[in-house]
Amino acid sequence: MGDPVRVQLLKQIGKADNVNVLRNLRDQVHEHMKGILQMSPVEQFNEQLNELHDTLICRSIILAEAEMARLGMGSPPVPYAYLLFGSGGRLEQTLSSDQDSGIVFEDSASDSEETTAYFQQLTSIIVSMLHQSGYPLCEGNVLSNNPEWCMSLTEWKVKLNGWFGEPSWEAVRYLLILADGRSVYGDHRLAFELRDQYFNNVIEYPNITRRMLDNTMRHKVLLGLFGHLLKEQYGSDAGSLDIKYGAYIPLVNAIRLLAVQAGIRETSTLSRIRTLALHDQLPSEEAAAYEQAFLLFLRLRLMTTEQNEDGLYANNGKLSSRSLSREMTEELKSALKTGKKLQRKVFKRTTGRLM
Amino acid sequence: MIKKMVLTLAALCLVFPAMAFADDPTAGTLNMGINSLWVMVAFVLVLLMQGGFILLETGSTRMKNAGHVAGKTIFTAGLAALIYWAVGYGFAFGADSSINGFIGFGDFLFDPSIISVDDGLPTTLFFLFQLAFAAVSLSIAWGGFAERAKLSSYFIFTIVFVGVIYPIVAHWIWGGGWLAKDGAQDFAGSTVVHLSGALAAFAATVLLKPRIGKFNKDGSANEISGHNQVFTALSVLLLWVGWFGFNAGSTLAIGDGFFGYVGFTTMLGAGAGAVAALLISWAVNGKADITTMLNGTLAGLVAITASCAFVEPWAAVVIGLVAGVLVFYSAKFFEKIKVDDPIYAMSVHGAAGIWGTLANGIFATDELAAKVGVGQGGLIDTGSWHQLGVQALSVLVCGVFVLAASFLVLFLIKVAIGFRVTEEQEIIGLDLSEHGAYGYPEQLKKGQGIQG
């Protein structure tokens, strides 16, 4: 959209033929996007940034497939879909997001062990390529090369039923991760089938949203009793605001829960809000307020402190409160109030009680 | 055989009449006896507060200093007993020849009469009770020394503080000194004991400078958590219980049961401090902080110490509530100006001590002031600012004196022999550097702290 550098970068990524070129392009993406961050409207910026990330990830997968062929492993034995979870799944990656991924492949008629082995090796190459391109690994090991997140469709369905049937704390956490799952590359149909199963199970196990609520309300909004902002008290981030866990995540979690309850399959928070309004699950003026609050959180999140650790793009999700103007602080407070209101609404809708 | 029995019986008969017809104790003797017993009990309670300080200071600091922190409290209490006996008591309460109300003089190497004279409280008990107070004030001061002062500085400071600084303030307010004549109300020592201790701690911590790792280069603070919050909580309970000796014991008599009222207001102040501190930390920080709540309880106790005999129950609650909120903001304030106060001595004993003393000028009633026989009612009861003025003056004068004197002594120590241990010693921990053995030998291997 009128940004020749970005169009050029997209083209170059699509043509990159080894990981070093990808790494180089990733750095250019970072520099370029950082440069235009201040001048772009946040929604548009977010879309463009995620398109670049998606393209980079897809290119890595293509290169990994080629590498497998070079190693004599042939081409993929069955169709598969490469899934992104977390911020990638929600199309909300920042300049420095980590990898959260999985893979679902079609059930193989012949040798399933060989198939599994192929994807194990493929995903290892993908994860390591992305790592070399500056994407840190997920600390919770939600990665496509983890056998737990690299399965055939049937295996996935069995696992899903197990999680729904026995919603332990861990199982509910995985279900919430899966709710943001999106196919970025490959045969999207497999991902759709998996989501069909997911949403059928939500209807079959109505108590699951209650369990999800317990898990998602852990993160409190950064607002004190007197409507003041809660800042970090100690350490090198003293005085900072935990934008990620105190503003962004609470809103994402609450909207996700509403979407799951309503059977809405969108994964990005904005489209979830819009679809909820469209289906009369949210009054339109409320939806507009949530959307506005979310866009502010998204913008602030893009401003949070970056750390470049051993060539990996990382981010602690915290923002120095000094870097906020007075108007922005007031805007943030009112957005947080909106977030708190939403949390209360979700709590009431799910439990029938007041929070 | 029979002879022997007869002789024994006869001897017993000689004894018996003497027992049967001995005089009943006079009302005066009974009164003296029962008062003495109460003061003895109160002395024991106040001495036991040292146990509270041991747990408070140890729990609030790190494992590598635990043995040192705990042990030095016992040692300095022992040293304080000798110093107070030799000179301190003489400066506070000695003879009548006070020089212009400034200082007592006499009764050095105190040699009291073995029994009570004139049915009054035995001076031995008065001495013990006052000594226990001096030791409490001293232990408060150690809060500012924590985790980095040399053992020798504890030795020297005990001598000067218990020998001279504390006795002078005690004389001014309790020993018939000039502030006493002015009508300054400090029933059990919000100023004399707590503020004095806190200001000595302040002088120490300013001269010592913050512990390694407390503040970052950009001025932000790090949290150095104490190693045992259960110790800290238990210490507050011990101090709380001891405080009934501290406050109610300060009546020095059973009398008409007024000591019960003093205990009653003390309880209300403590409770209000605990509740207020927990709520304010929850409201402001979003988390109900245990350390703040414990500090609030102590702050409530410190604040009600001056006023426990002078105010009505509702006022005791208000005084405690204000103290609980005050201690929270005071701790934030000291951190902001980069004063490292590991045990929160300045906030708990200093800020709350000042508040408690001033509170008399606001909440004291004429009726209770007349009962105690010191000063008059405060602003609310009388509408007069007089008592508040007297209270403010006593806080100011005592504060300036203690701060200046402590600063001078500690500065001289710093210049002459050094006040702070070396960086290596601080990192290894004082258990090892000052005493050669860890308080928790199984948990810590020698030199392990160097990496940490």
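Note that Cβ sites are derived from N, Cα and C of the backbone, with glycine treated the same way.
Unlike curated records, TrEMBL annotations are generated automatically.
These features come from TrEMBL:
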DOMAIN    B:37-440  domain 'Ammonium transporter AmtB-like'
SIGNAL    B:1-22  signal peptide
TRANSMEM  B:38-57  transmembrane segment
TRANSMEM  B:69-87  transmembrane segment
TRANSMEM  B:125-142  transmembrane segment
TRANSMEM  B:154-175  transmembrane segment
TRANSMEM  B:187-208  transmembrane segment
TRANSMEM  B:229-246  transmembrane segment
TRANSMEM  B:258-283  transmembrane segment
TRANSMEM  B:290-307  transmembrane segment
TRANSMEM  B:313-331  transmembrane segment
TRANSMEM  B:343-363  transmembrane segment
TRANSMEM  B:392-413  transmembrane segment
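Only residues 6 or more beyond the boundaries of the transmembrane segment (B:313-331), in the same chain, are considered here, and those with a CB under 8 A from a CB of the stretch are 264-266, 268-278, 280-281, 284, 292, 295-300, 302-304, 307, 341, 344, 346-348, 350-352, 355-356, 359, 363, 380.
Spatially, the transmembrane segment (B:392-413) is not adjacent to the transmembrane segment (B:229-246); fewer than three Cβ-Cβ distances between them are under 8 Å for residues at least 6 apart in sequence. Below 8 A, the CB atoms of the transmembrane segment (B:187-208) and the transmembrane segment (B:125-142) form 3+ pairs separated by six or more positions in the chain. Using the rule of three or more Cβ pairs under 8 Å, pairs at least 6 apart in sequence, the transmembrane segment (B:154-175) is in contact with the transmembrane segment (B:125-142).
For the transmembrane segment (B:69-87), the partner stretch with the most Cβ pairs below 8 Å, chosen from B:38-57, B:125-142, B:229-246, B:290-307, is B:125-142.
At the 8 Å Cβ threshold, with sequence separation of at least 6, the transmembrane segment (B:38-57) comes into contact with the transmembrane segment (B:229-246) through 3 or more pairs. Mean pLDDT across the domain 'Ammonium transporter AmtB-like' (B:37-440) comes to 95 in this model.
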